[in-house]
Structure formats: C-alpha cells, structure tokens
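A.B. asks: I grabbed these lines from TrEMBL:
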ACT_SITE  49  active site, proton acceptor
DOMAIN    22-200  domain '3-deoxy-D-manno-octulosonic-acid transferase N-terminal'
DOMAIN    402-530  domain 'Cytidyltransferase-like'
SITE      119  site 'Transition state stabilizer'
SITE      197  site 'Transition state stabilizer'
C-alpha cells in the first residue's frame with residue numbers, strides 16, 4: 001500500500017478511534033524517543049496476541065535481564081495493553097508498515113539480536129530485511145488455519161521462500177505445524193510448543209477487585225457478560241437479553257464490543273431497544289433498574305469477567321473466527337460461543353471435549369442455554385469447573401512454585417531458600433499466611449511489605465498474602481509445585497504429613513524440599529524473636545535491609561511477649577508503657593521497608 005494511502009487509512013479510522021491519528025510517524029519508522037539497541041524484539045499485532053505475549057515477555061525479562069526488550073504492536077488497543085502490563089520495563093513503539101525504507105529506519109534504531117513475532121504475521125519485507133541482516137526470527141505461538149493455509153498456497157514459491165527464511169516456527173499444535181510444512185517450511189524449522197494463550201491467570205488482586213465490584217454492582221442479582229462482539233452480534237445479544245428479562249427480571253448484562261469504534265453503535269442499539277443502561281466509563285454504579293452496562297473502557301476485560309456468572313465470547317456467531325475463551329475460563333465460569341471458532345479451533349475443541357464450552361447457533365439457543373445455566377447452579381458450576389481445569393491442564397510454559405509460611409519475621413534462612421527456588425523455577429510466589437491461630441507478631445500487611453523489600457533483588461519472585469487453604473491458593477495461582485525448607489528430621493515428619501494432605505486436596509501439587517545452607521540451618525523466626533526478647537544481637541540473621549533495625553533494638557528492653565495491649569484509641573501513640581516497645585518495633589521495621 002503506498003505511503004499516502006496508509007496515512008489516509010489511519011486518518012479515516014481515526015474518525016471513530018482517535019488514537020489512530022496519534023504517533024503516525026512511528027508507522028513510517030520515525031520515533032521521537034531514543035531506543036536502546038541490541039536486545040530482543042517481540043511483535044504482537046493487536047490485543048489478543050499482546051495478552052498471549054505477556055507471560056513470554058516476563059520470562060524473557062527474567063532470563064535476559066541485561067538486554068533491552070522492545071515490544072511492538074499495530075493497534076492503539078494493543079499499545080495500551082503493553083503499556084499497562086509493563087510500563088517502562090520494556091520499550092514500546094508501533095512497528096512500521098511493511099515498507100522497506102520504514103523498516104530499515106526501524107531496524108537501524110533497534111538493531112535486535114533476536115526477533116519474535118506472535119502467531120502468524122508474515123510480513124515479506126520485514127522477513128527479507130531480517131534475513132539480509134542475519135537476525136534470527138522466531139514465529140512464536142504460531143497458528144495457521146486451514147482457510148489461511150489455502151490462501152497462502154496460491155502464492156506458491158513466494159510463500160515457500162518466505163517461510164524458509166524463518167529461523168524457528170513454534171507451532172501451537174501438530175495440525176498447525178503440518179500446514180506450515182505443506183506450504184514449504186522445513187521440518188527442521190518446526191517445533192510444537194502448545195499455545196501461550198493457556199498461560200493466563202487471575203491474580204488475588206484482580207479477584208479481590210472483581211469481588212468488590214460485584215458487591216457494588218449486583219450483590220443479589222444474576223450477571224452475564226457478552227464480550228468481543230462484532231457488528232451483527234450486538235443485536236443478537238440485546239434481543240437475547242430482552243427475552244431473558246422476561247424470565248429473570250433483575251438480570252444484568254455487561255456488553256463489551258471488540259473494537260472501541262463500535263462503542264457508540266452498541267450504546268445506540270441498547271438505547272433504541274428501550275433498555276436502561278450505563279457506561280463503564282461514566283463511573284456510575286448500576287442501580288436496581290439498570291439492565292445493561294456497556295463496557296467502553298480498555299484493559300478491564302479480565303476484571304469484568306470476574307463479575308459475571310457466565311460469559312458469551314463474540315466473533316463466533318459471525319464469521320470472524322471467535323476470540324479467546326480461556327479468559328472467562330480462568331474465572332471458572334461457563335463459556336458460550338457460536339459455531340465460528342476457527343481462530344481458536346484447538347482450544348475450543350479441548351474445552352468442548354471436557355464439557356467446558358457450550359456452543360450456540362443463534363439467539364434462540366443462546367437464550368435457552370443461558371436460562372438453563374442461570375436456573376441450575378450445579379449445571380453452571382459443572383461447566384465453570386471443567387473450563388478452568390482445561391486451562392490448568394495445559395499450562396506448561398512456565399514452572400510456577402509457591403514457597404509458603406508465616407515469615408514472622410522473614411530471616412536470612414528464608415531468603416536462602418527462596419533465592420535457590422528462584423533459580424529452579426520460572427516464577428516463585430512467596431506466600432505469607434495470615435495464620436490467626438499463631439498470634440503473629442506482625443500483621444499480614446506488615447509481613448508482606450517486609451518480605452517485598454527483602455526479595456526486591458529477585459525479579460521472578462512475587463509476594464502475596466493468603467488466608468485460605470494452601471491447596472486452594474495454589475490452584476488459584478495455577479502453581480503445581482510447593483517449596484518447603486527442611487532444617488531437621490522433625491521438620492520432615494511434619495512436612496510429610498502436610499505434603500500428603502495437600503496432594504489429597506490437589507493431586508497435581510508436588511512438594512519440593514530444600515535444605516538451607518549450613519550457615520542458616522539453625523535459624524528460625526521463633527529463635528530470632530526469642531533472642532531479641534533477651535536483648536541479643538539478631539542482625540546477622542536478618543536480611544540486609546533490616547540489620548539497621550536489629551542494631552537499633554539490640555540491648556533495649558524489648559519484651560515482645562506478654563506485653564499488655566495498648567488502649568485502642570491511642571494504639572499509634574502509646575509511647576510510655578510496655579505496649580510502646582512492640583508498636584515502636586512495628587513502626588521502625590516498616591519504616592525500613594516501606595514509607596509510612
């Protein structure tokens with residue numbers, strides 16, 4: 001496409017989506033901000049590919065922390081997702097259109113040592129330029145539908161030459177791989193890795209936000225969500241909702257069109273149907289009379305799924321190939337889609353086989369299935385449970401481990417264990433238990449803050465607090481390895497019982513036991529607190545950032561046990577009696593970890 005026509009196309013699209021009129025220079029390889037050269041470049045064309053790329057980018061940052069990572073997209077929505085997920089941790093720009101001069105300007109600036117392209121973006125000039133510069137190219141999460149393969153086959157030798165210039169094709173499944181080979185790729189170029197789209201999770205923070213929003217929006221009413229809808233689907237969804245309201249008068253619909261430029265059309269459609277609605281962007285809270293919420297914000301889809309009792313995923317009642325059903329599946333809610341799911345053929349097949357996906361064909365079948373799900377909670381839970389199980393069973397891209405404990409306080413022995421676990425697994429969650437029965441010295445929030453400071457040097461370790469069963473927490477975090485430290489034979493006796501119980505509750509959860517380094521083999525949180533009670537020097541046993549505090553409390557009359565509680569109304573200013581010592585210890589320790 002000639003350059004002037006590209007500019008005109010962007011300007012026309014900008015009438016409905018103004019973001020297309022911004023950063024136009026980047027489409028031609030002109031960038032205002034400097035870009036660090038010599039790293040890894042990853043291209044994801046739009047939102048779907050960007051979401052799938054997020055865990056891959058995180059893994060690359062962990063494996064190659066010294067290299068700059070440049071993430072490129074083509075759409076404003078994809079751009080927003082990159083910036084919200086990574087901020088300044090990656091370089092982000094638009095990839096220029098496939099024009100030789102624009103691409104050369106881009107490659108001169110970025111000078112990548114490796115390029116990864118998500119799914120199947122075969123840009124002839126880009127591939128030729130990378131080949132000429134001897135830059136390795138990987139097609140990650142590669143997929144090729146039968147329809148696309150048929151179209152590419154018409155180009156014959158041109159496509160064969162294009163494919164053979166690719167260093168590695170990491171296909172989602174065997175069928176995709178065979179289609180690439182049929183078009184001319186060599187078997188030596190191909191590997192089957194599974195779909196990155198399975199590596200999706202619901203964080204505790206997101207789940208908590210969803211629970212809060214559900215309580216605000218619909219504490220006592222059913223909710224269904226229709227997402228990624230295209231032209232022709234919104235009318236089906238709205239008509240279905242009108243029919244469902246006759247049986248479920250307080251039913252709430254959350255309608256999220258696929259593209260921002262369709263938001264006004266969806267609003268007009270709902271208004272013309274005579275339904276009471278609000279928009280998410282307005283910040284309003286649905287009243288008891290609100291029948292529809294228009295999801296007209298960006299980056300909130302996973303949050304909105306968490307509010308719903310069931311989900312319809314669009315692009316599937318019209319011939320667009322469907323969108324990602326694993327996002328609602330991650331919330332363990334039933335997923336409904338139309339028959340046109342060729343973009344997610346393998347994933348939908350697995351979900352359907354496992355009773356995790358319900359296929360509908362029109363408005364009538366959509367109404368029938370939703371009514372059945374809303375009427376029968378067991379039926380609804382059956383499909384939701386099976387959907388999320390498919391997700392768990394296919395999450396093999398990363399090894400995610402949990403290292404649980406009360407960490408009251410966290411010691412160098414704990415840091416020793418988590419540091420070695422971080423070198424063994426792609427991701428480690430330092431899980432801090434609330435444990436009210438232990439009468440912890442520090443509150444859960446305080447222990448989380450202190451641990452975050454102590455492990456700040458470990459980029460693949462995350463600190464989370466939890467209060468439910470360990471097996472439930474591990475399942476929610478999609479972790480299948482439990483890391484525990486063993487200091488003595490007595491520890492093993494206790495840990496063996498816990499391991500058997502956890503495997504009973506979650507059969508796929510394996511326990512890995514690590515012995516601490518000899519230097520820390522005798523250190524425990526209880527021992528550190530006992531030494532501190534008797535004015536001993538505990539600096540050596542604490543993480544470096546807390547040694548200052550250890551010296552501060554050493555030698556003082558810090559009797560941490562059996563200290564009377566401070567009066568509630570003066571709990572933060574109780575400085576003259578025994579309670580002041582405990583509160584001062586809290587405040588001093590937190591002042592080292594986080595600003596108060």
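Placed from the backbone N, Cα and C atoms, the Cβ positions cover glycine too.
TrEMBL: automatically predicted annotations, no manual curation.
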A.B. asks: Going by DSSP, is residue 49 (active site, proton acceptor) part of a helix, a strand, or coil?
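C.D. replies: Helix, per DSSP.
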A.B. asks: What average pLDDT does the predicted model assign to the domain '3-deoxy-D-manno-octulosonic-acid transferase N-terminal' (22-200)?
C.D. replies: 90
A.B. asks: Based on DSSP, tally up the residues of the domain 'Cytidyltransferase-like' (402-530) by helix, strand and coil.
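C.D. replies: Residue counts for the domain 'Cytidyltransferase-like' (402-530) by secondary structure: 60 helix, 27 strand, 42 coil.
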A.B. asks: Give the helix, strand or coil assignment DSSP yields for residue 119 (site 'Transition state stabilizer').
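C.D. replies: Its secondary structure by DSSP: coil.
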A.B. asks: In whole Å, how far does the CA atom of residue 119 (site 'Transition state stabilizer') lie from that of residue 49 (active site, proton acceptor)?
C.D. replies: 7
A.B. asks: Around residue 49 (active site, proton acceptor), which residues of its chain at least 6 apart sit with Cβ under 8 Å of its Cβ?
C.D. replies: 78, 118, 119, 141
A.B. asks: Tell me which residues of the chain lie with their Cβ under 8 angstroms from that of residue 197 (site 'Transition state stabilizer'), as long as they are six or more apart in sequence?
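C.D. replies: Expected: 51, 52, 141, 324, 326, 344, 347.
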